[in-house]
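Let me begin by presenting the structure, written as C-alpha cells, before commenting on it.
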Amino acid sequence: MMTKHKKCFIIVGVLITTNIITLIVKLTRDSQSLCPYDWIGFQNKCYYFSKEEGDWNSSKYNCSTQHADLTIIDNIEEMNFLRRYKCSSDHWIGLKMAKNRTGQWVDGATFTKSFGMRGSEGCAYLSDDGAATARCYTERKWICRKRIH
C-alpha cells in the first residue's frame, strides 16, 4: 500500500520530468525558429547551404545579401557539423589563402591552422575530405553563416 508521501513524491517527480521535457523541446524549437527558413541552427549560429553554384566572390556577395558571411569555422565541432550537412558537394567557406600559406577569414581573423588545408590556391572550400583550396573563379556551392542574436 502506498502512503501519501510516496504518492506525493511520485506526482512531483512526474511533474518535474514533464517540465524538463517541455523546456528541452521549447529550447530546441526556439533555437531553430530564430533561423530563417532554409537555414539550419547550430551553436547559436544559422547556416545556409546553397543549392546554386558560384565563384568565391559571388558566393561571398550572395551571403552578404542575406546579412551573413561565407562561413568561418571556429572549432572541430563546427567543422564536423558542416561536413555532415553539406552532403557530397564541395562548398566555399570564408577563408582566403596567401602564397606564403597564411590565411585570413572574411571577418579579418587569421587562420590558425586548427585543421588541415590541402592545396596551394587562393580560396578555401569544404570537401568530403576536409578543407582544401582552389582557384577562386571555380564554381561551387557555398555556406553562409550568421549569428543568432
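Placement of Cβ uses the backbone N, Cα and C atoms for every residue, glycine included.
Reviewing Cys8, Cys46, the cysteine that Swiss-Prot connects to Cys35 via a disulfide bond turns out to be Cys46.
When the candidates Cys63, Cys87 are compared with Swiss-Prot, only one is recorded as disulfide-bonded to Cys144, and it is Cys63. For the pair Cys136 (disulfide bond) and Asn62 (N-linked glycosylation site), the C-alpha distance works out to 15 angstrom. Classification of Cys136 (disulfide bond) by DSSP places it in coil, neither helical nor stranded. There are 6 other Cβ atoms within 10 Å of the Cβ belonging to Asn100 (N-linked glycosylation site).
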